[in-house]
Amino acid sequence: MSSKLTLESTVKFHTGREMPRLGFGSGGLKDEVGVEAVAYAMKTGYLLVDTAQLYGNEEEVGQGIAKSGIPREKLFICTKWQPPVERSAFRPTPEQVRDEARKSLARLDKSRFEKEYLDLMIIHHPRPDPEGRVSHWKGLAMAQKEGWVEDIGVSNFNIKHLEALPEPLPAVNQIELHPWCQQREVVDYCKSKGIVLQAFCPLVRIRKDKFEDPVVVKIAEKHSKGVAHVLLRWSLQKGFVPIPKASSPTRIDANKDLYDFELDEQDMKELDSLDQGAAGRVSGIDPVHLPD
């Protein structure tokens with residue numbers, strides 16, 4: 001039952017390994033602010049931290065993890081490999097993808113821990129085309145086979161992208177998910193295959209029009225909680241793994257204050273009714289309509 005969810009709750013991958021059900025997003029967190037935010041989040045109970053090569057803050061995330069003092073084996077570290085930009089002439093081989101991915105491990109780890117490894121490495125975007133995606137995926141599969149990446153996944157992949165990938169099956173698909181953008185076809189497909197869904201932008205980037213939506217405000221008032229709590233709790237009860245980001249201790253603490261209430265069936269039905277499809281996106285990425 002969702003009422004039994006705790007900050008320590010995990011979801012099991014089809015590989016048998018587990019990932020925390022709530023993560024800490026680090027996009028935009030750089031320099032000392034980023035180091036302190038990650039350290040505080042880890043010390044106060046977050047066990048999953050998400051970063052990416054694109055964010056340019058893997059070193060700060062690694063420093064924050066080390067500063068937290070939390071044993072490495074208790075943490076789950078996820079980063080994302082960045083494919084070349086659109087129209088780039090560079091077409092990396094699987095070996096080049098693996099080698100570039102290994103740089104993330106060096107930036108995050110810096111020999112701070114006895115065993116150097118990443119819990120999860122994700123392809124950040126499905127560009128440029130089917131051939132490129134296969135090459136990128138084979139590169140991450142090589143890293144997994146070599147043992148320094150435990151699980152591998154994708155981000156922003158639609159059903160056609162997922163169907164065209166060679167083995168192994170992705171452990172995760174990280175996509176935009178919140179009541180206004182529910183991507184139901186992709187979600188249903190992933191669930192049918194045992195692919196865990198990570199939810200980015202679970203707080204809709206604090207968009208005023210979303211946070212003032214009468215439906216969400218009403219439900220928040222009903223439970224004496226904030227709108228952010230309702231959105232994150234919705235994500236958890238849908239079976240997703242939300243990864244909200246924050247920089248202040250107050251906001252970091254608030255984003256994990258999710259386990260003393262439960263949305264009832266009517267709450268979930270009303271939140272589900274807010275879906276606007278692609279029009280509800282706040283990230284600007286529409287994987288459903290990306291080229292095959």
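Even glycines carry a Cβ here, placed using N, Cα and C.
What TrEMBL lists as active site, proton donor is Y55. The substrate binding site annotation in TrEMBL covers H124. The domain 'NADP-dependent oxidoreductase' annotation in TrEMBL covers 26-275. For 273-292, the entry in TrEMBL reads region 'Disordered'. Feature annotation from TrEMBL assigns site 'Lowers pKa of active site Tyr' to K80.
Residues within less than 8 Å, Cβ to Cβ, of K80 (site 'Lowers pKa of active site Tyr') and separated from it by at least 6 positions along the same chain comprise D50, T51, A52, Q53, L54, M121, I122, I123, H124, S155, Q174. Counting only same-chain residues six or more apart in sequence, the Cβ atoms lying under 8 angstroms from the Cβ of the residue listed as 'active site, proton donor' belong to S26, G27, G28, L29, K30.
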